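Some features that TrEMBL has for this protein:
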REGION    379-512  region 'N-terminal hotdog fold'
DOMAIN    379-662  domain 'PKS/mFAS DH'
REGION    526-662  region 'C-terminal hotdog fold'
ACT_SITE  ASP576  active site, proton donor
REGION    661-685  region 'Disordered'
COMPBIAS  670-685  compositional bias 'Polar residues'
DOMAIN    695-770  domain 'Carrier'
Amino acid sequence: TSGVLASMHKVFNTKAGEGCDGNGGGILTVGSSGWITGQSYMFMGPLLAAVRSVMMVGSPVYPSPLRMIETVASERCTILKTGSAVVRQLMTDTANAAKLDALDTSCLRCATFCAEPVSMEVHKYGHKHITNNFINSYWATEHGSMVLSRDVSRGAAGEVEVKPDTRTWPLPWVSVALDPESSDVVITSPYPSLALTIFGHPEHLNEPNWRGDLEKYCKTYWPPNGGGFVQGDVARSAGEGDDRGFTFHGRSDEVINVNGNRVGTEQIERCLWGLEVGEAASDEADEKKSEGSYAVKDCCVVGAPDFVKGTTPVAFVVFKGSDSAGPDLTAFKSLAAMAVTSTLGAYAIPDHIFAVDMLPKTITNKTARKTLQLLLAGHDAPSGNLAKKDVLPPIAKAVKDWRIIGAMMASEIDLTRYWDKYTFSEHNVLGQVILPGAGWLTLLCSELGTQRLSNVSFMKGVHESDVELRMVKRRRVVHATVGDDVVFKLNTESELANPANVGPKVFRDSEVVMANDSSAEDPEITEDSTAAQHYRRCKGIGLNYSGAYRAVKGVEWHNHIFRADVESTHLPAILDAGLQVVCTAVRANTFIPVGVGNFHLLEGADSGFEGIKCVVHGEILEQHQDSIIADLRYERQSTSGLKAFSAMERVRFARVDGKKPRLQPKSLGKRSNNGGLQTQDPKETLSQLRQLTEEKRLDAISTVVRDVISDLTDTEVDFEKTAFENGMHSLNAVELLSRINNMLGTVITTKLIAPDAKMSEFVKAVSDHVTADEANKEGTSKLPFPNVDYEGLNKLFHRRLAGKKVGQIPRLFAFAYIARLFFKQVARLFRSGMFKFFLFPPKQVGDLSAELVQKRRVKFKDLDLNQHFTVAQIIDRSVDGVEQIMSNSGLVHVEMYYGRNLFAAKINATFHKELGFYQPYEIRSKITKIRGSLIDIRIAFVDANEHLCFEVLWTVLIVLDSKESTLLDWENIDLMEGKWLAAGPHHGS
């Protein structure tokens, strides 16, 4: 009480009985009666000083923002004590200045701010429009009363000129210093009203020696070597000599350290006030600047954790303006950056600016900065102290999204708390316990607080729980390391998960049943698709699962689509079950997941799955020799049927042999000292190759070439010898190029390999191709099979249509051939569309990637002694599909131009389902790959229920000269102008 009474006399020059004569006067304190300001200067101070106290019920800015000043004028108050928030509220409307000037406030002998840091703009506004006797004061609850205010040594209140510069001076009984490092205000010696302890140990409250929690009091307010009482507010010395005072800049937690630079958040806020920006265009096509504009109505800057800067400023801004599309935030951020840079420096530019409808305010209209700080740090923020609790949820949602895609963070992940919980020791691949990809996805969604991840790449396995796993997040990009090894990287997404739109929509001949539709019957799981069958297959290829990870109960395949019944105790095992099915999709081959395009997860990481039946719907989108790409959707049983809760889009699987990916060179398998690459994604590999120096790029490509040739020929490559001398002739050369393209993401063709050139020259040509602009052009071609020489083929078509050719068939041979096959071929010509080719010959290459379906269905009736349909007949009918491909695409022109037919280099035939006697089957034909001299054509026999029953894979080529072993190269068409090819066998020279 002594401090409050002394400040009433010294600061306000109160006189006993002031305002008690019925003619107005007294003090108006704007604050809550339950808080220290109200208790001290609304009740205690006026009572002790015998001064009238004017009290308002309700908000000081409602129903009119001028309510406080209107009360001053009507009650003829001589003293006003208010927080700066009320004045800032008045400043949000430019019309208020004129309204204030119209009110008579000449009665005010003194007005003062308190509690919050005050900017010079706010002080000037109050000085100009409320009273020129507006001073600034500072104190906190622990101080007991005001400790810094106007310079009372210069004279009485109302008699000394006041400068609106926010400065304050210590009151006579207070001794103040500044900490040279932190700028904290230090009370160097105690005075009567300073707090003596804090409440604590209530069980001893009635004991004579009770002194509260003195230990906590000393630890909090009297730090070792602190120089005195430190309450936690920051100030700066302002002025010179006798005129030296102090300006306050808020709590020490409102002064942030950005890259070693200390700056007050109030200083940054000051830069934002006064900025004005045009509204965002509502029509994207309209590039003209809108006539509307937006200004800052209110703002707050607080510090957010940043692993690079330590702390980074983040601004929350309330805009005022016309009701249209809203402010152009990009333009405002640019203006803010320029304003902050010119005043403080680039280090203080807000990392992000949130446009909000309203700032969270306490019941005394103070901005709840601590609430915003908690949200930015990823914590839940209480709303009990807020005047309007509905303000917080939209801000919390915006901050959460920013933390996912905009914040810069680093943290240690404690794997031990996940390892046993999700039984990772039960997941064994190729003889080693390894943390599964599904486990990574689960714990990352939990750690990052998101439902979606994208571009996930699993880089290196983690085999035990006691590793130091560090995760670094740069905006959306996240990567984690164990020691110097990167174990995964990904991008975060703020959008909500949408798993229902991922994966196949049809299984067999009916729609996949989902969400609220349980009418369809479950497909029957066949005998050879049981859990026992699945895990026998897993064990056979080195995938030794146990416990919760034996979650697959049954699998049914239909062409490239599957359905799996799954049941386990926790989420990672459920998710891993879908991956297991794809890993074992190709018999006698082991595939492992190495990346996920997009991951969706609606369930929390701690969701229970005990006793809940789940279903995985999957579809293999692409299948290559060394990789698979698939979509997976996960559904769980609910009261309304199956409901999708998770999904993985474009999951990448890599083929492994032993413990490393097949033909994955050391420099491409992990980060090496010479700058080797560390990913198996061909597109990413190509990007990284371009970033290497030429020497390192040549070394990486040489390693790939060496491993491929060694695999094809079982010999060591000699780069000083030619491709032919290294065994790269004919089909081997084609396979070499195909594998290099698959592994490196290139689109190299046979134009780059010369039989008489050294292999080192070939490596150099591949390196040049990687860095050349042509590589990008070819890689982004819209035509299927961009390696094909379309220009050469179209020239051939035009020459053939003009009646030119280079091949000659002997007439006698042609007559005998046609006579022998006349009836058979005539029927085939009708089926394959050859007559249409002769009537309407195509003038350019057709769509080589199109799948063709014959209108006429084929029926089989020829049986062998085992009463099985003869494979010879089925393959013979598959020729119809091959010829249909040739006629539809126009490639028959090629056969006629050279006088050569296709030659089958390889045929693979597979039964997928027993054929029915004399049942109709549809023939579907499609070119699957073109590389060098080879064309792969898939002929599928499909029954009426869309079941794949039989499949023939043709690998065909055209032999131009059998004596010289000259093949037609589809990547480098030779028109052989001026030459004449003779058909038939060649005799000796």
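Here the Cβ of each residue, glycine as well, is placed from N, Cα and C on the backbone.
With helix defined as DSSP H, G or I and strand as E or B, the domain 'Carrier' (695-770) counts 48 helix, 2 strand, 26 coil.
Across the region 'N-terminal hotdog fold' (379-512), DSSP helix (H, G, I), strand (E, B) and coil residues number 39 helix, 44 strand, 51 coil.
Each residue in the region 'C-terminal hotdog fold' (526-662) gets a DSSP state, and the totals come to 29 helix, 70 strand, 38 coil. Looking at the domain 'PKS/mFAS DH' (379-662) alone, the prediction's average pLDDT is 83.
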